[in-house]
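Taken from TrEMBL as is:
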type: REPEAT; residues: 17-50; note: repeat 'TPR'
type: REPEAT; residues: 85-118; note: repeat 'TPR'
type: DOMAIN; residues: 290-295; note: domain 'Serine/threonine specific protein phosphatases'
type: ACT_SITE; residues: His294; note: active site, proton donor/acceptor
Amino acid sequence: PSLVTSSKDQCVQYYISPADSFIGTVFISEKDYENAIRYYTEALELNPSNAIYFSNRSLAYLRTECYGYALADATHALEIDKNYIKGYYRRATSNMALGKFKAALKDYETVVRVRPNDKDAKMKYQECNKIVKQKAFERAIASDELKRSVVDSLDIENMTIEDEYTGPKLEEGKVTLKFMKELMDWFKDEKKLHRKCAYQMLVEVKELLSKLPSLIEIMVKEVSDKITICGDTHGQYYDLLNIFELNGLPSLTNPYLFNGDFVDRGSFSVEVILTLFGFKLLYPDHFHLLRGNHETDNMNQMYGFEGEVKAKYTAQMFQLFSEVFQWLPLTLCINSKVLVMHGGLFSEDGVTLDDLKKIDRNRQPPDSGPMCDLLWSDPQPQNGRSISKRGVSCQFGPDVTQRFLEQNKLQYIIRSHEVKAEGYEITHSGKCITVFSAPNYCDQMGNKAAYIHLRGSDLKPEFHQFTAVPHPNVKPMVYANSLLQLGMM
């Protein structure tokens with residue numbers, strides 16, 4: 001366009017807006033999604049009727065797991081231009097990420113109708129349709145009253161450990177420190193634990209977890225005593241080993257809390273979760289595990305854990321993992337002063353610790369309510385609450401945090417659930433701490449990771465940062481749903 005224009009704003013729209021868009025595209029190609037979002041936002045302020053800008057920002061939001069925002073942007077793109085095919089792809093991917101398979105299928109149907117010869121569109125439609133039918137079948141046969149546990153159909157005693165298997169074995173069916181050390185070395189060499197041992201561990205840990213309350217209460221008593229709190233590990237097994245290298249193996253004098261999202265995305269999720277379950281069995285009162293939003297069926301189906309378990313073991317074993325995940329506690333309170341949960345606080349005021357103790361957690365999480373919030377919510381800098389960037393639960397402000405702490409006589413909360421460049425973040429005037437323990441998340445975010453020490457003397461958090469270590473050449477998401485992988489492109 002010509003520089004000669006009657007409106008300075010028009011000139012800015014012509015020249016700066018495309019520049020911002022171009023820079024945004026460059027940032028996406030360089031995987032700097034936060035800056036991509038910033039530049040597309042500036043471009044949209046100058047040209048709010050550009051469907052491509054909304055669609056591209058939707059992609060950046062998808063990559064940063066802001067699925068609610070991604071869905072909204074894809075919808076805006078289609079409101080501007082209902083013939084913009086990429087908008088349907090983006091919206092379908094957002095709905096897939098949120099487990100809204102029927103909504104995703106509707107958009108893929110639209111693409112196939114408009115482009116009947118598009119092989120890629122047909123493939124995505126067929127894959128999504130298969131998931132919808134599978135979900136319908138599962139609902140048809142599922143009955144809480146009649147559903148039998150996988151444990152009831154297992155005959156572990158008669159499973160044979162072949163002579164050629166030279167890996168770790170349980171000692172009289174029990175986990176020992178010797179077994180755990182052998183197991184970690186075995187996994188480090190990319191070898192598979194025998195299925196009999198894996199089943200034995202899962203049956204044992206399900207029994208152990210089912211006896212725990214939804215809110216765990218522990219005391220760190222002595223001045224010299226400490227507990228280590230780790231955030232998301234997401235199948236990054238070699239980084240988990242590095243935590244133990246830096247901070248020492250779990251023991252009666254070196255307790256740990258892992259705050260959910262042990263699996264998915266990273267392609268060594270089986271190794272991570274069996275190692276964590278092993279230490280839980282070895283030190284049941286000194287090694288704690290809380291449920292994250294990725295210890296759920298919908299997430300596992302999309303982000304790789306289900307596919308990984310089926311590839312390394314069987315579909316039956318995944319069903320047993322699912323049963324075990326449902327018994328993971330939801331939150332933990334330290335010295336009646338610090339509350340730890342994976343996601344965050346609640347969509348409504350007035351929730352008490354007694355309310356959390358009463359949560360019936362042995363299920364897939366509901367779409368709303370305290371259980372959903374504990375797994376999914378995020379803090380925000382401004383007061384009040386707002387719609388979640390993820391499309392699930394809410395975002396809560398410092399005033400919400402303050403009221404909750406005062407009502408429940410707590411000092412602060414620790415949560416995980418979000419990638420942080422430094423591995424941790426302190427917000428809400430020190431009352432809300434985020435810790436994330438998967439460095440260079442998905443091999444692309446470049447973030448540091450961290451864990452926290454809390455000592456019995458004053459419960460003042462001490463942050464310890466670390467960076468990613470090399471791992472075998474198995475890329476993240478290789479076991480994830482192919483439809484989701486393609487939609488992220």
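Keep in mind that glycine also has a Cβ here, set from the backbone N, Cα and C atoms.
Values in this document were obtained by computation on a predicted structure and should not be read as measured data.
Using a 10 Å radius centred on the Cβ of His294 (active site, proton donor/acceptor) and all shown protein chains, the other Cβ atoms total 26.
With a cut-off of 8 Å between Cβ atoms, the residues of this chain six or more beyond the domain 'Serine/threonine specific protein phosphatases' (290-295) that come close are 216, 232, 234, 257-264, 303, 305, 325, 328-332, 340-343, 361, 365, 375-376, 392, 416-417. Beyond its flanks by at least six residues, the repeat 'TPR' (17-50) meets 56-57, 59-61, 63-64, 80, 444-446 of its own chain at Cβ-Cβ distances under 8 Å.
Secondary structure by DSSP for the repeat 'TPR' (85-118): 27 helix, 0 strand, 7 coil.
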